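S.K.: Take a look at what Swiss-Prot says about it:
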type	residues	note
TOPO_DOM	1-28	topological domain 'Extracellular'
CARBOHYD	N8	N-linked glycosylation site
TRANSMEM	29-52	transmembrane segment
TOPO_DOM	53-60	topological domain 'Cytoplasmic'
TRANSMEM	61-82	transmembrane segment
TOPO_DOM	83-103	topological domain 'Extracellular'
DISULFID	C100-C192	disulfide bond
TRANSMEM	104-123	transmembrane segment
TOPO_DOM	124-142	topological domain 'Cytoplasmic'
TRANSMEM	143-161	transmembrane segment
TOPO_DOM	162-198	topological domain 'Extracellular'
TRANSMEM	199-222	transmembrane segment
TOPO_DOM	223-239	topological domain 'Cytoplasmic'
TRANSMEM	240-262	transmembrane segment
TOPO_DOM	263-275	topological domain 'Extracellular'
TRANSMEM	276-295	transmembrane segment
TOPO_DOM	296-311	topological domain 'Cytoplasmic'
Amino acid sequence: MNDDGKVNASSEGYFILVGFSNWPHLEVVIFVVVLIFYLMTLIGNLFIIILSYLDSHLHTPMYFFLSNLSFLDLCYTTSSIPQLLVNLWGPEKTISYAGCMIQLYFVLALGTTECVLLVVMSYDRYAAVCRPLHYTVLMHPRFCHLLAVASWVSGFTNSALHSSFTFWVPLCGHRQVDHFFCEVPALLRLSCVDTHVNELTLMITSSIFVLIPLILILTSYGAIVRAVLRMQSTTGLQKVFGTCGAHLMAVSLFFIPAMCIYLQPPSGNSQDQGKFIALFYTVVTPSLNPLIYTLRNKVVRGAVKRLMGWE
């Protein structure tokens, strides 16, 4: 503890993740639900990664980016869900200071990367529908790899900024994080000093990595809709709307909860409401992405048949 009463969490060695302790009667139910969705996430996303690697028909930009998204979702959920399951299962709800730093860094990094990657995926669909004759030039494999690397680098760079700013803030007295994982708004609530600079930085970068990507995605799909409406083929219309509709659903399931959490000051959030919103985009959305992208996809169904030897 400092002379002025402020606590450096590293000297204490741990944080207490309050999580859903206020509803002990719900913890078993939440544990079962979270475990089911986590297993769905692991199975569904591993399935997409393996299938995209094994089937040559899926060696296209769309499935390259989808494999990146699947790997991203695997990492994103694994950065917080195992800790949540441990806390829900038993009375021990602590996380080490180093563990909290690592978790905060990866949750932020992977979440930001997903925002950028979804923009890249929308651009790929725009190029495929609106610029079909130039698609192979626009989405050259080398350029696709560059876009994927840029997505990951931007996410991890942004996270380094926020993580360092957050853990420089001195804490006051207690170490109870009113959340189920280490997150910037929840950690800023522990501070006894003015955190307006941190909150402003969070809102600015959230606008850059949430609002701007969302605008770019909606612009891409707006152009796609206009191009599709000019098509004469009913089959083409159904195929394009089916693919783009699935992408937009995945975008909505990720961006809407993220905006509710990060585009307002930590003091403006209902803490309990924030937990359930975060539970949705860290548990539910990653498990639904494989279903959304592949459920009605004839190319994926064909790849499965070839892999199983049914064709």
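Every residue number used here counts from 1 along the chain in the order it is shown.
Glycine is no exception: its Cβ is also placed from the backbone N, Cα and C atoms.
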S.K.: If you count the C-beta atoms lying within 10 Å of each candidate's C-beta, which of the disulfide-bonded residues C100, C192 ends up with the smallest number?
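M.R.: Per-residue Cβ counts within 10 Å for the disulfide-bonded residues C100, C192 bottom out at C192.
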S.K.: Under DSSP, is C100 (disulfide bond) helix, strand or coil?
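M.R.: Assignment for C100 (disulfide bond) reads helix.
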S.K.: Count the CB pairs under 8 A between the transmembrane segment (199-222) and each of 29-52, 240-262, 276-295, then give me the winner.
M.R.: 240-262
S.K.: Over the span of the topological domain 'Cytoplasmic' (296-311), count residues by DSSP class, listing helix, strand and coil in order.
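M.R.: Going through the topological domain 'Cytoplasmic' (296-311) residue by residue, I get 11 helix, 0 strand, 5 coil.
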S.K.: Can you work out whether the transmembrane segment (276-295) touches the transmembrane segment (61-82), with the criterion being 3+ CB pairs under 8 Å where the paired residues are 6 or more apart along the chain?
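M.R.: These two stretches do touch.
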S.K.: In the same chain, which residue numbers or ranges, 6 or more beyond the ends of the transmembrane segment (143-161), come under 8 angstroms Cβ to Cβ?
M.R.: 61, 64-65, 68, 105-106, 108-117, 120, 123-124, 201, 205, 209
S.K.: So, three-state DSSP: helix, strand or coil for C192 (disulfide bond)?
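M.R.: Looking at the DSSP assignment, C192 (disulfide bond) belongs to neither helix nor strand, so coil.
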